[in-house]
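Working notes for the structure below.
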Amino acid sequence: ADCQAGDSADKLLAQKQHDVNYLVYKLYGDIRDDHLKELGETFNPQGDLLLYHDNGASVNTLMADFKDGRLLQKKHWFSLFNTRQREEALMMHRVLMNCKNWHAFVSNAAYFRTNMNEGEYLYALYVSLIHSGLGEGVVLPPLYEVTPHMFTNSEVIHEAYKAQMTNTPSKFESHFTGSKKNPEQHVAYFGEDVGMNTHHVLWHMEFPFWWEDSSGRHLDRKGESFFWVHHQLTVRYDAERLSNHLDPVEELSWNKAIDEGFAPHTAYKYGGYFPSRPDNVHFSDVDGVARVRDMSMTEDRIRDAIAHGYIDALDGSHIDIMNSHGIEFLGDIIESSGYSANPGFYGSLHNTAHIMLGRQGDPTGKFDLPPGVLEHFETSTRDPSFFRLHKYMDNIFREHKDSLTPYTRDELEFNGVSIDSIAIEGTLETFFENFEYSLLNAVDDTVDIADVEILTYIERLNHKKFSFLILVTNNNNTEVLATVRIFAWPLRDNNGIEYSFNEGRWRALELDRFWVKVKHGHHQITRQSTESSVTVPDVPSLQTLIDRADAAISSGCALHLEDYESALGLPNRFLLPKGQAQGMEFNLVVAVTDGRTDAALDDLHENTKFIHYGYDRQYPDKRPHGYPLDRRVDDERIFEALPNFKQRTVKLYSHEGVDGG
């Protein structure tokens, strides 16, 4: 074969990829791989307890509930916010995390795929592949092809069923929810993008709110990461709104009506349609979840903590948050996650708000409706109220960040290093293009009938490739390690009024963050848009992953899917917001900071992927997310006088309906 022959590790990885592909292919039917199907039917999880690090404690717990018939049946919806369903998924997750080798892992996965609820199983499988060393290098098949009904309008799913029944290969156009009468529909391409939905759900798998360190390890900067990823989603959504002549999103308020209703036009695979919410609904108490006044009280306690500058811990001590690590503790109590310093007192503002919003169509449970779109991370960004909820959270975080002392010139300067100029090679131009994905997993079928190809296509934003050209001078006599931080924010609001530096920097979109060694003298840094560490490329389709893994197994070649290993990051196609046909002005800012003092670990520049968490999952950059724009700026002259900081106005063009190069 014309390829690089794989070693034993490569061969095992190709086998793992093959196994994972078939563990999720046709999720709601029988396993289509003979070996895995046999494991699913004959493997006894309790047959050899030496297969597990915990000597079988986790598997005994799960099997006891399974044998007692206590587990959720198959063909039923699953929501992570449902306490019992989450616990069942986590029981399986603990079994997989305790497997000593791939044989044990895949045998249990095949067994529970055959015997457990599909949603619980899929969640446990993906979270375990992300967090277990056994899953390293495995590419997670795109969720929009594994569970297409969570990402695709039900009208299209019905068409897919018809095509399957008549055995007709078909391709259907998908449309975004709502009609042109609804102004929110103009930005549906962002909230309803299949890659954006996947980014959101995978981030919450990488940093689950239920995680405790007994699960195996500490998740570095989890609370701060919760703030930052949702802050970026919020400011990017606002940039898309401005691109479409809409005002930035208003924050949600517990005592005001939720202006925008939402009709999801999506249905559960089993369990009926996702509930709708009419316009102008006032918040109602939700039976068994929370009262509206509890939510206001929780918010007041969090704001009090910010005003006091400390969090009351469970043991009565005070945790000081008036420093760059305060955001970490604050994120944990706002979400709230298993790391919260005092869940009893500070409640669970974010998670409960998701359920409250999801249930406003049926707050008393009178109609016994299934969970709303906000009760699933896969579907929540489809509802415009998701961004209103996160604007509300974001403003609480901002209150904290604005209470911190602004950075001084001494703190921001990089001795001997200056930026001479910043430029862009190529044009900043976006366009829409059709994106296809398979609906094969959406339809039921039997092994005897051959599958026909059923695809859907939908418009997705993308941009022409471009590069940043940054000219720097190093006047030190030695080579230095520099961290390059690139941001941009919309220059004006929807009324054409220019944002002040302090307003703009809070609205800044992070475009890239990377290390580079700079020798003495002048140096040009060229960075391509495709290299951005804040984004990831679209993952290959499930069929492509199947073909690639099977080809690697039969040829003995290495698989080479490294580019898709980490799913953490925005879809690369969304690196730039849409912009406007006549050009929309953005303020582009570049800061070059001292990589040696920024690095949380030594020799880290060898691993340039910031977002991918570096060695052993420790976050490589010890500066706060958003640095140096994360604190308020009372006097922008400090930044204007910094040699290692540069800004310029750039124009971002949207090329409606024309394919770009």
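Every residue gets a Cβ built from N, Cα and C, even glycine.
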Additional site residue, H308, H318, H390 [criterion: listed by Swiss-Prot with H350, H354 for Cu cation B]: H390
One of H175, H186, H230, H231 listed by Swiss-Prot as binding Cu cation A at the site of H200, H204: H230
Of the candidates C3, C99, the one sharing a disulfide with C557 in Swiss-Prot: C3
Integer Å distance between the CA atoms belonging to C557 (disulfide bond) and H230 (Cu cation A binding site): 40
C557 (disulfide bond) in three-state DSSP notation: strand
Which same-chain residues, if any, lie at least 6 apart from H354 (Cu cation B binding site) yet have Cβ under 8 Å of it: F81, L374, E375, S380, L389
Cβ-Cβ neighbours of H350 (Cu cation B binding site) (radius 10 Å): 20
Lowest local Cβ density (other Cβ within 10 Å) among recorded positions: C3, H200, H230, H390, C557: C3
Rounded to the nearest Å - Cα separation of N476 (N-linked glycosylation site) and H204 (Cu cation A binding site): 43
Separation of alpha carbons, H204 (Cu cation A binding site) and H350 (Cu cation B binding site) (Å): 13
